[in-house]
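> Sharing a structure with you now.
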Amino acid sequence: MSDEYGQEQAIRKLKPGKLVIASHNAGKVREIAALLGPYGIEPISAASLDLPEPEETGTTFIANAELKAMQAADLSGLPALADDSGLCVEALNGDPGLFSARWAGPDKDFGMAMQKVWDGVQAKGPDAGHGAHFICALSLAWPDGHVEAFEGRVDGLLVWPPRGANGFGYDAMFQPLGHDISFGEMDPDAKHAMSHRADAFAQLVKAVI
Ligand SMILES: O=P(O)(O)OP(=O)(O)OP(=O)(O)OC[C@H]1O[C@@H](n2cnc3c(O)ncnc32)[C@H](O)[C@@H]1O
Ligand SMILES: [Mg+2]
């Protein structure tokens, strides 16, 4: 148990210091580091610590975020922040959802994954809606086993063909409600102002920073 983050600490404010970003997705690590920017917290990536990628056996975004954060905190001895997220498509009953990364296969081919999403919606017929949302669960875990989690969401529409080279994953086929450009076409700062990750992060900041 570390002194700084021990069980006896009544208020678990995240003091400026080191925080492991328990993700192996470079796009997420970049976004989380940008969100942490104003708080004077030094992010350390799981990859730079050679942390293993745990199997995501949870049945909810929060469960998966918690298992990733708890493993990284346990192995590193530092507080760790993990993100489990995904694209939920209404016409596909919420798929790919928890399996958003897995739909891209071992080569992480999101061109193929986006095509699969679009083909799935087309197969539902001409009346299928294009509504979708992203969910992001952020979990913060301390080496003593304490863990908290926050869930954010952004609603939008699927667009086809994919547009823009910014962002990562499914960004090029997702247009947030009230906007006429996709996340793939948006400046990173604009995405950070409205994304599912920003929503979850705002809740985390309120609770612990
Ligand atoms: O588990 P870690 O190591 O964090 O990395 P991952 O890529 O496997 O991440 P997830 O298991 O949470 O899978 C979520 C997938 O959902 C997609 N996704 C999540 N947030 C996104 C965003 O902001 N924009 C586009 N796609 C996103 C993206 O393709 C991710 O690979
Ligand atoms: Mg993953």
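Think of each number as a place in line: the chain as shown, counted from 1.
Note: Cβ is positioned from N, Cα and C throughout, glycine not excepted.
Taken from TrEMBL, the feature substrate binding site covers Ser23, His24, Asn25, Ala26, Gly27, Lys28, Ser85, Phe168, Gly169, Tyr170, Asp171, Lys191, His196, Arg197. What TrEMBL records for Glu55, Asp84 is Mg(2+) binding site. Residues annotated as active site, proton acceptor in TrEMBL: Asp84.
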> How many Å separate the Cα atoms of Ser23 (substrate binding site) and Asp84 (Mg(2+) binding site)?
9
> Take the C-alpha atoms of Asp84 (Mg(2+) binding site) and Asp171 (substrate binding site) and report the distance between them in angstrom, rounded.
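Cα of Asp84 (Mg(2+) binding site) to Cα of Asp171 (substrate binding site) measures 16 Å after rounding.
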> Going by DSSP, is His196 (substrate binding site) part of a helix, a strand, or coil?
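Looking at the DSSP assignment, His196 (substrate binding site) belongs to a helix.
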> Go through Ser23, Asn25, Ser85, the listed binding-site residues, and name the one with the sparsest Cβ surroundings, counting other Cβ atoms within 10 Å.
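Output over binding-site residues Ser23, Asn25, Ser85: least Cβ neighbours within 10 Å is Asn25.
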> What residues, ordered by sequence, lie under 8 A Cβ-to-Cβ from Glu55 (Mg(2+) binding site) and sit at least six positions away in the same chain?
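When sequence neighbours closer than 6 are ignored, Glu55 (Mg(2+) binding site) has nothing within Cβ distance under 8 Å.
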> Taking the residues Ser23, His24, Asn25, Ala26, Gly27, Lys28, Ser85, Phe168, Gly169, Tyr170, Asp171, Lys191, His196, Arg197 listed for substrate, what is the greatest CA to CA distance in Å, to the nearest whole number?
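With Ser23, His24, Asn25, Ala26, Gly27, Lys28, Ser85, Phe168, Gly169, Tyr170, Asp171, Lys191, His196, Arg197 as the binding residues for substrate, the largest Cα distance is 20 Å.
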> Quick one, of the binding-site residues Asp84, Asp171, which Cβ has the fewest other Cβ within 10 Å?
Asp171
> For the binding-site residues Gly27, Gly169, which one has the sparsest Cβ surroundings, going by other Cβ atoms within 10 Å?
Gly27
> Just to confirm: which same-chain residues, 6+ apart in sequence, have a Cβ under 8 Å from the Cβ of His196 (substrate binding site)?
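The answer is Ser85, His133, Phe134, Ile135, Cys136, Gly152, Arg153, Val154.
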